[in-house]
Structures are given as C-alpha cells and as structure tokens.
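Peer 1: My questions all concern the structure below.
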Amino acid sequence: MPDSSGPELKTAPLPYTDEVKAKTDHLYPRVAKLIPEIEWRTMAPYIAAINDLKKEKNAVILAHNYMTPEIFYCVGDFAGDSLQLAKEAAKSDADIIVQAGVHFMAETSKILCPDKTVLIPDPKAGCSLAASLTGADVRLLKQKYPGVPVVTYVNTTADVKAETDICCTSSNAVEVVEYAAAEFGTDTVILIPDQYLARNVAAMTDIKIVTWAGACEVHERFTAEDIREIREGNPGVIVLAHPECPPDVLAEADFAGSTSGMSNYVKDNQPKNVVLITECSMSDNVALENPNVNFVRPCNLCPYMKMISLPKILRSLQTMEHEVLIDPEIIEKARSPIERMIALPLKRQSMYTHQHAPEVFALEARAS
Ligand code: 13P
Ligand code: SF4
C-alpha cells in the first residue's frame, strides 16, 4: 500500500497471497463497511505480517481513537483515549509496546514501563500542544505562582511531566483540578498547556485557573459558526465536541467529552444523526460500531496522528525503530504525576456543560 511520508518506506508493496487471505479474512468484516475489498487487499499483507510479528516478539499495539480503522480494528490490541492507553501501558506484560498514536503517548508508556521497549513508528508524530511548553517554562511558572499546584495535560513532553504535580487528560481534567486544589489547600491551580481545555474546565469549577497559550491545531480550527451551519444543514443533528475546542464551540454543542466520552455517548444514546467535532478517524471508528447512526462528516485531520501507518508499524516491529528513550532521572520524576492521576478513584468522566462564564485567572506565554 502507498505511504508518502518518507523515502525510507518506498518499498514494493507486499503481495496478497492465499496465506495472507487465510490470516486476515476473519478481520475484514470489522472494517468492510468502510474499506473496499480492492483496498483491503493492499492492507491485509501488512496486517498479517504485523500480527505474526507481535506474537513472535511478545509485542502489543496501543491504538489511539484517532488511528485509521485498519490500525484501530485490525492490529491494535488495546484501543482508547489517552487515559485508557496509559492505564493499559501500566498493566501490560508484553516485552514491547508499539504506540499507534503520537510521541507524547509513547513517552507516557515508557515512563510507566521503563523496562520495556517502547516503539513509535514515526518519531515525527508530534503534537502542537506538547510542542508549546518546555520544562523550563514550567519552572518559571512555579517561581511566579509559588505553592500553586501544577496540573499538566498528558499532551506534554516527559520534561514537562517531570515538573508536574499531577497529570490529567480530557476525560478527568475537572476532577483532577478540584482534587489538586483540595490536596494543596489552594483556590488556584495551574492547568497547562491547553488554553481552551483550561477555559472549558474553568467553566465547570470555582477554582481559579492559570493557563498557557497552547492550543491543539486540529480542534482550535472549529468555530461556533461551523456548528450553527452544521445544525442549519442537518436539522436535529446531535453535536459532540472535544474539550480542546474553543469554549464558544462547546457552548453550541450538545455534549463535550474525551474521545472515548464521545464514543460512549454515541453507543449509549444511538442518536439518529450525529457530528463529532474532532479528528476525522473518530467518526470512521465509531461509525463501524454503530451501524444505525448516521454521521455528518465535517472534521479536521491531525497531521501527526496520520503519520502512523501499517507499513511504518510493520517496519518498526521488524527493525525495532524508533525506540523511545528518556533520561532515567526524568522518568523517575515524571512517573509520579501520571501514577497519581491513574490512582484517582474517579466515578465518572469529566463533563463540560458550561455552568458559568469560562474565565481564567491568567493566560501565560513564553517570554521570547
Ligand atoms: P483524548 O485524551 O480525548 O483521547 O485526547 C487526546 C488527543 O490528543 C485529542 O486531540
Ligand atoms: Fe495533538 Fe491535537 Fe493532534 Fe491531539 S489532535 S495529537 S492534541 S495536535
């Protein structure tokens, strides 16, 4: 199958043989509604080879909800949102973890499993949020706001996590902020680096929030006007949005939650027509499990998530590239904020229903 992302992968496509067919026929029904047979024949040889190598090497693939369906349904051993993948990594007994997601997710796996080999099929699979903030930035913030707990979104580098009190994901951000304020006895929490997630959390709590001028380049492109147009063109459509979207977008939505929160909403409510205001592969993956729901499709692609492909996953398992390596001292410091988050007994996913005007106490940015 074609892969345009690097000269190193310009190899001849693998053939679709009888052996490949025998190894993959049982998987095709999972994606048949979306992937035509002719395309499947270009994917199946990679799927067969990846699944063989996983067994041979005792490897698991952790697939984020934004992976394309052939990865999500046919080679992923565990699929989910950032929090679920971190939990799976923490309890995995595989020797090798292949992260079908972006680099910060692979770092999280390595921090939780320092003795395992963690591979990222393309090391350039970054994230605009993770790129917006450094460990040095966090140290400066701590000087400026002494005694204020630092909550960082998991979409950050290991260096940033090493400066953090407790991590959060979109599925638990409200509860983690309230927990951090109670633990530290403060009325203010630093929640970085996503200014929109911070504003959306601020709308749900009385805790004052200091945030950072970071944003997800995929979700910040959605506007409230987009949502109004979608509603006009699709009367009765249910609008679900990710909390990395700006607050005025969430104010127009029927529900906002993490990637798995949106997926569960569709599963539980079976709306007739739905639109997921998030990355494009989400709708594909959720649609395959909910055949009676019609998906309205405006969406934005995450260029980093889309760097992960079947040929790159195969190559990663064959060559053991690209291994995620982190300074052991940073691992040591970065592990406790992630483990603290995982250990929190949260009863439900964070909701973002905009209870009051979304205020933040301060929006900080890099000085230079
Ligand atoms: P989730 O934690 O909701 O899976 O989000 C991760 C992400 O990168 C969304 O853009
Ligand atoms: Fe980062 Fe946004 Fe891509 Fe998620 S969708 S990985 S937050 S750039």
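Every residue, even glycine, has its Cβ placed from backbone N, Cα and C.
Unlike curated entries, TrEMBL annotations are predicted automatically.
Quick paste of what TrEMBL says about this protein:
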- His64, Ser82, Tyr153, Val154, Asn155, Ser170, His242, Pro243, Glu244, Thr259: iminosuccinate binding site (BINDING)
- Cys127, Cys216, Cys302: [4Fe-4S] cluster binding site (BINDING)
Peer 1: Using a 6 Å cut-off on Cβ distance, which of the binding-site residues His64, Tyr153, Cys216 come close to any atom of ligand 2?
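Peer 2: By the Cβ criterion, which requires under 6 Å to ligand 2, the hits are Cys216.
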Peer 1: What whole-number Å value do you get for the CA-CA distance of Glu244 (iminosuccinate binding site) and Cys302 ([4Fe-4S] cluster binding site)?
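Peer 2: Just about 13 Å between their Cα atoms.
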Peer 1: Whole-number Å distance between the CA of Cys127 ([4Fe-4S] cluster binding site) and the CA of Tyr153 (iminosuccinate binding site)?
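Peer 2: Per the Cα atoms, Cys127 ([4Fe-4S] cluster binding site) and Tyr153 (iminosuccinate binding site) stand 12 Å apart.
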Peer 1: Record lists His64, Ser82, Tyr153, Val154, Asn155, Ser170, His242, Pro243, Glu244, Thr259 as binding iminosuccinate; longest Cα-Cα distance in Å?
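Peer 2: 17 Å is the greatest Cα spacing among the residues binding iminosuccinate.
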Peer 1: Go through His64, His242, our binding-site residues, and report the one whose Cβ sees the most other Cβ atoms within 10 Å.
Peer 2: His242
Peer 1: Counting across all protein chains present, how many other Cβ atoms fall within 10 Å of the Cβ of Asn155 (iminosuccinate binding site)?
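Peer 2: Neighbour count, Cβ to Cβ under the 10 Å cut-off: 27.
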Peer 1: Which of the three DSSP-derived classes (helix, strand, coil) applies to Cys216 ([4Fe-4S] cluster binding site)?
Peer 2: coil
Peer 1: Please report the distance from the Cα of Cys216 ([4Fe-4S] cluster binding site) to the Cα of Asn155 (iminosuccinate binding site), rounded to the nearest angstrom.
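Peer 2: Answer for this pair: 10 Å between alpha carbons.
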Peer 1: For Asn155 (iminosuccinate binding site), name the DSSP secondary structure in the helix/strand/coil scheme.
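Peer 2: Its secondary structure by DSSP: coil.
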Peer 1: Please report the Cα separation of His242 (iminosuccinate binding site) and Cys302 ([4Fe-4S] cluster binding site) in Å, rounded to an integer.
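Peer 2: Counting only the Cα atoms, the answer is 13 Å.
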Peer 1: I'm trying to understand the geometry here, so how far is the Cα atom of Cys302 ([4Fe-4S] cluster binding site) from the Cα atom of His64 (iminosuccinate binding site), in Å to the nearest whole number?
Peer 2: 12
